[in-house]
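Below is one structure, written out as structure tokens, with a few remarks after it.
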């Protein structure tokens, strides 16, 4: 259950860094962003800035395209605070996961919240 995964996060220090500098040389091969679990710091790669703003969901960008900056940020944040994994990517693949893997998969939170925003915020 998700709540049991969040309990350990409360004990972590609230300070978290967000950086546009690839300090660990991970930004290769299509990596958009990454989280260093030990520090919960999030690093954005250059291609992150090619993604569209969440507000663009109201003008034609689809959730399935997964190129929304807000969704990527939430995806990485779930790694930092809820100890999620990257089981699979893409909203269609996310929906086919078992219930247990849906809770564990960071991309499910991205797709879910981005779809909710598109359905209610536009």
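Cβ coordinates are placed from backbone N, Cα and C, and glycine is handled just like the others.
These come from TrEMBL:
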- 19-113: domain 'Lysine-specific metallo-endopeptidase' (DOMAIN)
- 75, 79, 86: Zn(2+) binding site (BINDING)
- 76: active site (ACT_SITE)
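Counting only same-chain residues at least 6 apart in sequence, those with a Cβ under 8 Å from the Cβ of residue 75 (Zn(2+) binding site) are 33, 106, 107, 109, 110.
For residue 86 (Zn(2+) binding site), the number of other Cβ atoms no farther than 10 Å from its own Cβ, over all displayed protein chains, is 12. Around residue 76 (active site), the same-chain residues at least 6 positions away in sequence with a Cβ under 8 Å from its Cβ are 33, 34, 35, 42, 106. Non-local neighbourhood of residue 79 (Zn(2+) binding site): 35, 37, 85, 106, each in the same chain, at least six residues away, with C-beta under 8 Å from its C-beta. Under the DSSP three-state reduction, residue 75 (Zn(2+) binding site) is assigned to helix.
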